[in-house]
Amino acid sequence: MPEDYEKYRMGSSNESHQKLVQPISSSISKSNKKTKHQTDFVQDSDIIEASSINDEFGEVKRDLKARHVSMIAIGGTIGTGLFISTGSLLHTTGPVMSLISFLFVTTICFSVTQSLGEMATYIPISGSFAQFVTRWVSKSCGAANGWLYWFSWAVTFGLELSVVGQVIQFWTDAVPLAAWISIFFVILTIFNFFPVKFYGEVEFWIASIKIIAVFGWIIYAFIMVCGAGKTGPVGFRYWRNGYAWGDGILVNNNGKYVAAFVSGLINSIFTFQGTELVAVTAGEASPRALRSAIRKVMFRILVFYVLCMLFMGLLVPYNDPKLTQDGGFTRNSPFLIAMENSGTKVLPHIFNAVIVTTIISAGNSNIYSGSRILYGLAQAGVAPKFFLRTNKGGVPFFAVAFTAAFGALGYLACSSQGNKAFTWLLNITATAGLISWGFISVSHIRFMKTLQRRGISRDTLPFKAFFMPFSAYYGMVVCFIVVLIQGFTVFWDFNASDFFTAYISVILFVVLWVGFHFFFYGFGKDSFKMSNILVPLDECDIDSGVRDINDAEFDIPPPKNAWDKFWANVA
């Protein structure tokens, strides 16, 4: 074990902590030559001392509490995907295949979050896993992956804005859709310029509403299944007589259900996207809070996703015409359809208010996540350095503004092809997110190999992931396979529009990867050196940014009352 690392582990040197916050290892770009066209980026030679960057640009602040971190993770996931896009999934695949799809994605999500937890608690830096790919895979791959992941959250913000007005139109269409989009566009953008502690506090209370609403709906659904509704006991009524599997795809082919399952995966993945958000907060939260949040991911997934999908499939038949009728996205929400079918007249309006709150919260998280990813990319030297600038509250304001600008995509909903635009944006964000998930697993594999090369036991880490390294390989392989096959239906009746909708994120990633590679290394011999294509294990930086999780500054105050204890266990 290296001497500096041993000093860090023992907490014997305060000076070592100053060294360990350097944003990136100089080893990643030993062979880089600073050319004229690279001067707008932070180069490794420019960031030898983190303090010099902080003096010039400022830095983010660790003002997020444990409860904030957990709620941000929940706030970014319980949103449009769960409440709205699950209707399309249920209609396409039927209740059983929808549930299987959710369980399958749960295994991927568990693998990815475990990998991320082990890395982010050890090196808690902003936009963490975007920097991990840069450090342990390659600088160009890290740049491409980071920018694609940022792009997915920027586009998702536009998607949330495109939906929020249509959800409000469940009550009235007196106000134009563009007006609602503009109102929330401005409010959410301005709010993200406030210090992160305000963001964390608001997100905590909004996410609390989500949790209470989802728990309440699950209890309501159970009661309706048992017979409290106007239709009497429902039980597994909609799973019998062929209802369980839906119509599938390829009606005249024995593989129609497999095809439906693969086709529905993209909706499932979009619903789960955001469970990794807890690691994005790493630079502004206690590593102990991260560890606690990661450990509860499986509980959240099983309750908020799998149970909800189970009850939706029990209460709403896959061929219910309301799942596909026109009249706004909320009309297609299985949550509201279940209430309407059960004869509960008031609850749909109450729950629609929850959905509005949920989408606003998700949009808020989109800007936060995207801006911190962009900040992390600038730290890693793969984004313009002005994205490092922070205001007095520690908010990277240029990164916030640039991310929020993509909310303008929400105005696509005002066109006659609003539903098509929603599907287009959903596919882009889900596929981009899945690519990022795959590279989280790749980074973790490289991280574990580097630890092994140095003789460092994973038992000494603040958080040790389960089922490793097999789980990381599983996550990597499955993510990349799904990315490649998720759009297979476009090849049956090929047209360019559907092809690009399905694979634009893949194309963008490859273009970014190749483009950044030649940008950093030029077109000479350096660009073809194996050490520039894949960082050698001996040069992988696992020292910069390491923090001692036992430091007093990371202490988490114990719950003061029953209310605090409840949230400590749930969130």
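Note: Cβ is positioned from N, Cα and C throughout, glycine not excepted.
Features of the protein shown, as given by Swiss-Prot:
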REGION    1-36  region 'Disordered'
TRANSMEM  69-89  transmembrane segment
TRANSMEM  93-113  transmembrane segment
TRANSMEM  148-168  transmembrane segment
TRANSMEM  174-194  transmembrane segment
TRANSMEM  204-224  transmembrane segment
TRANSMEM  260-280  transmembrane segment
TRANSMEM  297-317  transmembrane segment
TRANSMEM  343-363  transmembrane segment
TRANSMEM  393-413  transmembrane segment
TRANSMEM  422-442  transmembrane segment
TRANSMEM  465-485  transmembrane segment
TRANSMEM  504-524  transmembrane segment
Task: Quickly jot the same-chain residues contacting the transmembrane segment (343-363) by Cβ under 8 Å, restricted to those at least six beyond its ends, or write none.
output: 75-76, 78-80, 83-84, 156-157, 160-161, 163-164, 167-168, 170-171, 184, 188, 203, 206-207, 209-210, 213, 217, 220, 229-231, 274, 330, 333, 335-336, 407
- line: Maximum Cβ pairs under 8 Å to the transmembrane segment (174-194) among 93-113, 393-413, 465-485 is reached by 393-413
Message: Using a threshold of three or more Cβ pairs below 8 Å, and leaving out pairs closer than 6 in sequence, do the transmembrane segment (93-113) and the transmembrane segment (504-524) count as in contact?
response: no
Field: Surrounding residues of the transmembrane segment (422-442) on its own chain - C-beta under 8 Å, 6+ positions past either end
entry: 85, 108, 111-112, 115-116, 129, 132-133, 137, 141, 145, 148-149, 151-153, 155-156, 158-159, 162-163, 266-267, 269-270, 273, 276, 329, 409, 412-413, 472-476, 479-480, 482-483, 486-487, 501-506, 508-509
- line: Stretch winning on C-beta pairs under 8 A with the transmembrane segment (465-485) (pool: 204-224, 260-280, 297-317) is 260-280
Field: Tertiary contacts of the transmembrane segment (297-317), as residues 6+ beyond its ends and Cβ separation under 8 Å
entry: 73-74, 77-78, 82, 86, 90, 94-96, 98-99, 102-103, 106, 109-110, 113, 117, 211, 214-215, 217-218, 221-222, 224-225, 234-239, 243, 271-272, 275, 278, 323, 334-335, 337-338, 341-342
